[in-house]
Amino acid sequence: MAETEERSLDDFFAKRDKKKRKEKSGRSAAAASTASSASSAASSAAGAAAAAGGPRPTDGGGSGAAASSSGSAKSKEEDDWKEFEQKEEIDYSGLRVQSMQISEKEDDESEKREEPSDNWEETSGAVDRSSGPWNKSAPAPAPVVETIVTEPPEPVQTGGVYRPPGAREGGRPRRAQQGPPEIYSDTQFPSLQSTAKLVDSRKY
């Protein structure tokens, strides 16, 4: 039983590896078509170098072929990066954006303000605070007429003993203490039976 499970797992992974190889070969075929133009340029450059410097001795015949293929791969990668480095200028004249150029002097000042100094406690007052919305002068507020509200004076405590607000004299009148609830009262505890009696009395 264990052998069949191992075989099925091996088959599964073998199929998966074949799919990966096919995908890689498909990618390499697409890359090869783009690399063919790059390799022709690289081979012409290599031919010119060989003519200028003469043939180079190699350790083995296969190593020279491997070096040329790796050189073409490097030149292909460099060509790819060169394509991304080239940027086209974009025309922003159609946009309704104001000119956003900063003079070098303002840029230097902002860099000085952003750089933290070692003795920040000493120079915290020396930071340029002249620019910003907080320095704009606001119109003077209208003078506010202060209305004097006279509060009734609180009664003076004699005796120096604290009394909570509920126990003080002159407070709210106390509610009469309520006794225990009347459980059998229909007004305090209405029941469905009493409502049924009420409905029956309405019918007649």
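Each Cβ is built from the backbone N, Cα and C atoms, and glycine gets one as well.
Listed features, source Swiss-Prot:
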- 1-15: compositional bias 'Basic and acidic residues' (COMPBIAS)
- 1-204: region 'Disordered' (REGION)
- Ala2: N-acetylalanine (MOD_RES)
- 27-58: compositional bias 'Low complexity' (COMPBIAS)
- 74-90: compositional bias 'Basic and acidic residues' (COMPBIAS)
- 185-196: compositional bias 'Polar residues' (COMPBIAS)
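Among residues of the same chain six or more beyond the compositional bias 'Basic and acidic residues' (1-15), none has a C-beta under 8 A of the stretch's C-beta atoms.
Break the compositional bias 'Polar residues' (185-196) down by DSSP state and the numbers are 5 helix, 0 strand, 7 coil. Packing around the residue listed as 'N-acetylalanine' is summarised by its Cβ count: 6 other Cβ atoms lie within 10 angstroms of its Cβ, all protein chains included.
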